[in-house]
Amino acid sequence: MAMAGESSGKKIGDCDGKVAGNRQRKVGLIYDETMCKHDTPDGEDHPECPDRIRVIWEKLQLAGVSQRCVVLGSSKAEDKHLQLVHTKDHVNLVKSISTKQKDYRRNRIASQLNSIYLNGGSSEAAYLAAGSVVKLAEKVAEGELDCGFAIVRPPGHHAEADEAMGFCLFNNVAVAASFLLNERPDLGVKKILIVDWDVHHGNGTQKMFWKDPRVLFFSVHRHEYGGFYPAGDDGDYNMVGEGPGEGFNINVPWDQGRCGDADYLAAWDHILIPVAREFNPDVIFLSAGFDAAINDPLGGCCVTPYGYSVMLKKLMEFAQGKIVLALEGGYNLDSIAKSSLACVQVLLEDKQIQGPPEAYPFESTWRVIQAVRKRLCTYWPSLADELSWKLINQKTPTPIILISSSDSETEDNAQGLLDQMSKLSIENPQGTLLENHQVEPASTSWRADLAKVDVWYASFGSNMWKPRFLCYIQGGQVDGLKKVCVGSMDKSPPKETVWETFPHRLFFGRESSVGWGVGGVAFTNPLANLIDQTHMCLYRITLEQFNDVLSQENGLNVDSDSPVFDLAALQLVDNKGSILEAPLNSWYGNVVCLGKERDIPILTMTCTLSAVEKFKSGEIPIRPPAKAYANTLIRGLVEGGRLSKEEAEAYIDKAVSKPL
């Protein structure tokens, strides 16, 4: 393996790219094995591992691509450049964290930060990552290179001015962009477009340019109404910037996983590209996280190498192709290597790789795109026109993903059902069969069918208090709840309400929620045991209403073309005792059948079995509930006649304090 600066690549002035105009493109690459010294202190496995950049470099070499690029040596960032976006205290902390004087404190410091590990190689790697992006950006802005890819780690887009978080120590892209704008005015870079296609919102980058009209920040990410990392409202489409920077911050927040090429390209074609054309940047930075790639263990999305190559190719229309890619996330080694190769081939202006069969965006994707356009159109006239009905009705229904317990027979049945559902043909009102879920108008036929079936919805959390539950049925908001619920399509109240006790463990976890703010929310272990007892309030509602409650609980829209939980799924959990995971990786994605009451299935929704293990290990935090949330549970237990106030408080305290 050749190292950065060795003879594997061309030197400045040499080139072997395709012809662009009257000359050939010079594509820069930076890679340094030294950045692999940043690792977990105890050698434990971690998704942000050194092999992430090794496999990319090896892939580029094996494909003969790195040999056709200009390979630059890495460079350490200067403190004065880091302090363009970071506080002096933060820079000093990262600088000193790998010294022997900090050996005994390093783990304690990391434990106080959000999703950070530190070791003796962390400081040098962080300085090299930021400095290398600065160096590459300077070469591109000077015209010595046309574009380039900095294969660096640790990543940067989560790092804020005074805080390391989300695997990020310095905000590499923000440092480099600020360097060009503030330290090299002679280069004539006055407007910078930063595109962040990492599956997680670039919260750090957004905050650093929040009031700066020189930087247009565009982030497309899983958001799920603030439930996906980094949790909160920062990634919402209403966050558009402030003061002179108002309108220069654009978020495209997916409300579910499974988004793929069609969804991302729709966001490009109907938001990013028209705005970029108006903005007319001088340089483009790309926070190139590949964790939205297919098979990524953290992202849950389905972007292919072809999808990344097309997105990048569309951006090369602007800034005379002056694009600087900086690696962010991406945790499937095969996906990150293939996606990186596809992007470098585009930079060299090679022919794009063959793409997958044509597909349509999810119907939820069009809703997000329309909401973003409506919010931003006052700043960007190109977004003012409404999208055509014909366009937005080229869509795919929200996906349904089935999982099961470890029982192989049940797992086969679940997969078989998924296969059958994927082959369904849907008849539209005109009688035309639409294959592969390419439906036209939103169908309501499933609602009529599911409205005929009753189920018991068993609540163990805030929905035990009936006024709170009715928000999911009739819409509205109760005291302490920070969001307004849209309600169900059928707003009929529950036909009956009863209380039961079930042998499942109640616990509270997660850092915060959109509905209740900072503090844990209630979950039950999907598996029963002989020790624990959980009080649940059972509401008799229709299966149609249950779908709408399930959708709202998991941040999905209720006006879906297809049910999240249909009659086949009900039969599956009823007969086989399976667990159905509907919205992938959602907090309450598991539907569990607890038995029957008067021959009517009792259904509850909770976390997955794998999530329980993550709660136990500490990967997902156990947290006591917020006061308003706990009070809602207590009111439900008391007003429902289940417990006295003192008993209810003791019940909640026990669930909080008892180890999982």
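Using the three backbone atoms N, Cα and C, a Cβ is placed for every residue, glycine included.
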Point to revise | Identity of the Zn(2+)-site residue among ASP103, ASP269, ASP282, ASP291 (reference: ASP198, HIS200, source: Swiss-Prot) | key: ASP291
Check your understanding: Tell me which residues of the chain lie with their Cβ under 8 angstroms from that of ASP291 (Zn(2+) binding site), as long as they are six or more apart in sequence?
Key -> ASP198, VAL199, HIS200, LEU298, GLY299, CYS301, GLU328, GLY329, GLY330, TYR331
Revision key, fill the gap. In chain order, residues whose C-beta lies under 8 angstroms from the C-beta of HIS158 (active site, proton donor/acceptor), counting only those at least six residues away in the same chain, are MET165, GLY166, PHE167, CYS168, ASN171, HIS200, GLY202, ASN203, GLY204, PRO230
Revision key, fill the gap. Excluding its own, the Cβ atoms lying within 10 Å of the Cβ of ASP198 (Zn(2+) binding site) add up to 27
Check your understanding: Inside 8 A of the center formed by the CB atoms of ASP198, HIS200, ASP291, which other residues of the chain have their CB, for the recorded Zn(2+) site?
Key -> HIS157, VAL199, HIS221, GLY289, ALA292, LEU298, GLY299, GLU328, GLY329, GLY330
